[in-house]
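Peer 1: I grabbed these lines from Swiss-Prot:
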- Tyr4, Asn41, Asp68, Gly109, Leu110, His111, Gly112, Val113, Gly114, Val115, Lys333: ATP binding site (BINDING)
- Glu418, Asp490: Mg(2+) 1 binding site (BINDING)
- Asp490, Asp492: Mg(2+) 2 binding site (BINDING)
- 412-525: domain 'Toprim' (DOMAIN)
- Lys443: site 'Interaction with DNA' (SITE)
- Asn446: site 'Interaction with DNA' (SITE)
- His497: site 'Interaction with DNA' (SITE)
- Arg613: site 'Interaction with DNA' (SITE)
Amino acid sequence: MQNYNAKSIEVLTGLDPVKKRPGMYTNIENPNHLIQEIIDNSVDEVLAGFASKINITLYEDNSIEVADDGRGMPVDIHPEHKMSGIELIMTKLHSGGKFSNKNYTHSGGLHGVGVSVVNALSTRLEAEIKRDGNVYHIVFEDGFKTKDLEIIDNVGKKNTGTKIRFWPNKKYFDDIKVNFKALKNLLEAKAILCKALTIKYSNEIKKEKLTWHFETGLKGYLDHKLEAETLPAEPFIIDNFSNGDSYLDAVFCWCEDLSESIKNSYVNLIPTPQDGTHVTGLKNGIYDAIKAYIEKNSLSVKNIKITANDSFAQLNYVISVKITNPQFAGQTKEKLSNKDVTNFVATAVKDLLTIWLNQNPDEARQIVENISKVAQKRINADKKTTRKRIMNTTIRLPGKLTDCISSDVNSTELFIVEGDSAGGSAKQARDKNFQAVLPLKGKILNSWELDADTIMNSQEIHNIATAIGVDPDSDDISALRYNKICILADADSDGLHIATLLCAMFLKHFRKLIENGHIYIAQPPLFRIDIGKSTFYALDENERDTILTKNSKLPGKVNIMRFKGLGEMNPAQLRESAMDVSSRRLLQLTISDVYDDTEMLDMLLAKKRAKDRRDWLENYGDRASVE
């Protein structure tokens, strides 16, 4: 082992940190997040009042172009760095004009890494800027400038804007193909949240053109998305509420049918799928208003005390805040962390909702009744759990479960493994200190259209529920026995089928576990590749080919082994490729803010949707994957 001293320390400069660890800066499943970074810059121009149009074009060569009619990126020379503003923005992390409020009052591009990350992870990037009566052009390849900034044309001085076209580098992404549905949902959301914005979308691959412009903004949005009955019948709307520097737009209603649940949050029009302080403020404000209304009107039910979670359980909402200095947890801007936003949103929501409740007593009482029912179910579930604990000082765990030594729920893991054979290998491959293994026999029951009592008649599902310590259809996960619950199935089509059924079961009957980040899908390899003394694992044919290409100059004989299933792997191979914390690949199961997960699984698994399923398979079946 080499000595660890000052010489061992690496200092990554320029865009090297992004290229070295791209997953720290963007979502590497596909280029969608890169597109969003550029769109967010254009939206910032709209929010600042300098733009009203954004055009997105997807080309057949997998390049993407985003153009706006904003002020145009700066092209003058920076006094300190001695390079043009556009080159500085593209090649230096943490450079930008949004760290103060001089140029943008409300912006999402705070970290100053967005567009430079796009440049770093692209084989080529071209920027065209219309500014000061000129059209400027500059080119980058692999993050480096290859063509100096030059004037290529002249335009009227009022004709301004920025156009960026980039080609994602496939070596940094699982797939360089854009997820069209996710992108279109994002664009629609941007247009809904920004009344002044017109977005045009052109997909040359699918020969599709769309335009979004919503003069009414959030008004009627939930009506459009929700088919079930809601309370209130007309969703409650907060329109452009301001305290001076911050602005709040929100629309929400309660709906007993949770299959269509909509919970979307945004900061300066950037989606925050992991929520944050603005959603906490919404939750607190609603709870405070409901609680005060119950006390004022003596509507409390004996022995039932509602909580903030009770008032939020059946809520469908879209909340959008515009603030001057957004702070996010992480570079991908998925969770807002500004503490002052909680109080701003909570105060506004409480005051406005209180007025509405007093003005609409009939609907207000119905809302209180529904929330009280939710609280009653929670209390009953808590009592049931308490009785179980009293009756069973030691939980009677399934006989097939090989448990771990540790009882620290923050560190333990359960692998639900397809097949007894693979289960045996997994038991030998695991770290017995914190990893438990539960083998499944055969295909699991399709539980999508079944209730909790029915699915518990299935021995396999009963074993899963008992092992993890959570009852199906329960919001109480206080007895959860493992921090990570990992689905480990074969990498072939049968394994994907089983993984899909398990994902559907967790989404339908153990949703709280997904919402709290406890469900994962292990990604075992389909191939083992030995090149001389080096060993690689590949998830599929594409990754196999990429590995072979990247390592074509390595000395030694090439040997490729295809695993027919987990059972073909010896414990050492299974440990290294699927279970070892340092080398495995886990995919966290999440509830998307842009995909309609429930609708997709309903179409795939519901008996009544046979025709829809057949149509979908004919059109998109070759692109299906478990996500």
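The backbone N, Cα and C atoms fix where each Cβ goes, and this holds for glycine too.
Can you tell me where each of these features sits in this structure?
Peer 2: Counting only same-chain residues six or more apart in sequence, the Cβ atoms lying under 8 angstroms from the Cβ of Asp68 (ATP binding site) belong to Ser42, Glu45, Val46, Ala51, Lys53, Ile54, Asn55, Gly161, Thr162, Lys163.
Counting Cβ atoms from all protein chains shown, Glu418 (Mg(2+) 1 binding site) has 28 others lying within 10 Å of its own Cβ. In three-state terms derived from DSSP, Glu418 (Mg(2+) 1 binding site) belongs to an extended strand segment.
Other Cβ atoms within 10 Å of the Cβ of Asp490 (Mg(2+) 1 binding site), summed over all protein chains shown, number 23. In the three-state DSSP scheme, Asp490 (Mg(2+) 1 binding site) falls into the coil class.
Sequence-distant neighbours of Lys443 (site 'Interaction with DNA') (same chain, 6+ apart, CB under 8 A from its CB) are His497, Ile498, Leu501.
Annotation note: Asn446 (site 'Interaction with DNA') sits in a coil segment as assigned by DSSP. Counting only residues at least six positions away in the same chain, the Cβ atoms of Leu501, Ala504, Leu605 sit under 8 Å from the Cβ of Asn446 (site 'Interaction with DNA').
Classification of His497 (site 'Interaction with DNA') by DSSP places it within a helix.
Within 10 Å of the C-beta atom of Arg613 (site 'Interaction with DNA') sit 16 other C-beta atoms, taking all shown protein chains into account.
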Peer 1: Can you tell me whether DSSP puts Gly114 (ATP binding site) in helix, strand or coil?
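Peer 2: Gly114 (ATP binding site) sits in a helix per DSSP.
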Peer 1: Check the domain 'Toprim' (412-525) for me and report the mean pLDDT.
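Peer 2: Reported value for the domain 'Toprim' (412-525) is a mean pLDDT of 89.
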Peer 1: Going by DSSP assignments with H, G and I as helix and E and B as strand, what are the residue counts for the domain 'Toprim' (412-525)?
Peer 2: 46 helix, 21 strand, 47 coil
Peer 1: In whole Å, how far is Gly114 (ATP binding site) from Glu418 (Mg(2+) 1 binding site) when you measure between their Cα atoms?
Peer 2: 41
Peer 1: According to DSSP, does Asp68 (ATP binding site) fall in a helix, a strand, or coil?
Peer 2: strand
Peer 1: Using Cβ atoms only, which residues of the same chain lie under 8 Å from Asp492 (Mg(2+) 2 binding site) while being at least 6 residues apart in sequence?
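Peer 2: Result: Leu526, Lys564, Gly565.
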Peer 1: Rounded to a whole number, how many Å is the Cα of Asp490 (Mg(2+) 1 binding site) away from the Cα of Gly114 (ATP binding site)?
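Peer 2: Roughly 37 Å, rounded to the nearest whole number.
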Peer 1: Gly114, His497: which of these recorded positions has the highest Cβ count within 10 Å of its own Cβ?
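Peer 2: Comparing the recorded positions Gly114, His497, the most crowded Cβ belongs to Gly114.
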